[in-house]
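*Asks:* What Swiss-Prot lists as active site is 246, 280. Positions annotated as NAD(+) binding site by Swiss-Prot: 223, 224, 225, 226, 227, 228.
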């Protein structure tokens, strides 16, 4: 257990706010305890970041990159320990948390390349002078992290922000404070100067204090649509502050004319049930053609999903699904399923809470075709809604019938169908014959509508971590060859 859980100006401090704790959702054990950061501690963290800003941003880029690269090396050295920490706090299997740490490490080189390509210096010739486009850091930025990828996703904001020369105050999810603490200790080991990256742990009040601090220059958020909308309202009337929002989705996956049924079923499983359905890109709605071909695919899907192994993150025989983040989240999925059943949905595979006190659930599939007004909700767990369709265009229209717009996909053999689908579907990530949970860090990541505010992260994070500055320059002031009308010298 740790009591010094806030990192402010290079010092580990006890939180002055109310105590909170983190649970291992697979073993129902308290694994971390600490006090939340008070409003005054949040303010101190912002002040520390402000005090460190000029020193950090004035460093040569290569000097900043040397520390960031050292952090990447240390992630490799601490891979097993960090993977276990993530597994204990999230319930995800070790095979998956190891891939998360690897993604954190891989983010470094990608972020460096993106910074160079998207925010480098450009010189354009012009008569009698030189024109430049350069980029400058915003200053002090807040980063809010989620619980589903407590290392990788905040890392995707923090790394490009630091490369650009910003200083950061990081507020992780209150459900994964132990992972955040481990990350910050690795940054310290890498030699990051004090005040450049500060950590404020806590629940809602800590987050409100940070988001509402008048001295931050921006906020980068990954999390629920509800919280993102609250932040958007809080930032209203403050155009001088940049707000980058990455939120959830009610993501459609359409199946049409597939010849390899098992290949399609595998893509569906990876789209809907990986990470126990706790990825923002997970498929929530599956559209399958009516008729014998669709019936065969649904039958095979139910067979395969019914055999998915659910178990402890550290089991010798690794499961595909671990626990959800908490018992509360697990019970929320049971309640969501019951609501859909009450509206007319028919469970083909019932999601069940497997063990009291834990986040373990079995995966579920529910046919919601008969529900006339399907709720536009993101059910953040392993519950897949099945919709049978007759007309491809109608399926696309229904897929678009959501306030969200994060990910979407088509499973089908016809390229003309794919081209049509790509043109019509509204989402920021659109895949063909691949799981819609699959995304490349070398591409932008984000959505439209209630899924984000057009501030795509991943490769495009460099865009919101620095602002462009246009300059026209000459080595000295000089009279022009010809004066403007009405001027006399």
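Heads up, the Cβ atoms here are built off N, Cα and C, so glycines get one too.
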*Asks:* Looking only at C-alpha atoms, tell me how far residue 280 (active site) is from residue 223 (NAD(+) binding site), rounded to the nearest Å.
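*Replies:* Residue 280 (active site) and residue 223 (NAD(+) binding site) have their Cα atoms 8 Å apart.
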*Asks:* For the recorded NAD(+) site, enumerate neighbouring residues of the same chain (Cβ within 8 Å of the Cβ centroid of 223, 224, 225, 226, 227, 228, site residues themselves excluded), in sequence order.
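*Replies:* My list of surrounding residues reads 221, 229, 230, 231, 247, 248.
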*Asks:* Where does residue 246 (active site) sit in DSSP terms: helix, strand, or coil?
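*Replies:* In three-state terms, residue 246 (active site) counts as strand.
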*Asks:* Roughly how many Å lie between the Cα atoms of residue 246 (active site) and residue 224 (NAD(+) binding site), rounded to a whole value?
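*Replies:* So the Cα of residue 224 (NAD(+) binding site) lies 8 Å away from that of residue 246 (active site).
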*Asks:* Have a look at the binding-site residues (225, 227) and report the one with the fewest Cβ neighbours inside 10 Å.
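*Replies:* Lowest Cβ count within 10 Å among the binding-site residues (225, 227) is 227.
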*Asks:* Restricting to the same chain and to sequence separations of six or more, state which residues have a Cβ under 8 Å from that of residue 228 (NAD(+) binding site).
*Replies:* 221, 245, 246, 247, 452
*Asks:* For each of the binding-site residues (223, 224), count the other CB atoms lying within 10 A of its CB, then report the residue with the highest count.
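*Replies:* Most Cβ neighbours within 10 Å: 223.
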*Asks:* Relative to the Cβ position of residue 280 (active site), how many further Cβ atoms are located within 10 Å?
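*Replies:* Summing over all protein chains shown, residue 280 (active site) has 29 other Cβ atoms within 10 Å.
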*Asks:* Hey, of the recorded positions listed (226, 246), which one tops the CB count within 10 A?
*Replies:* 246
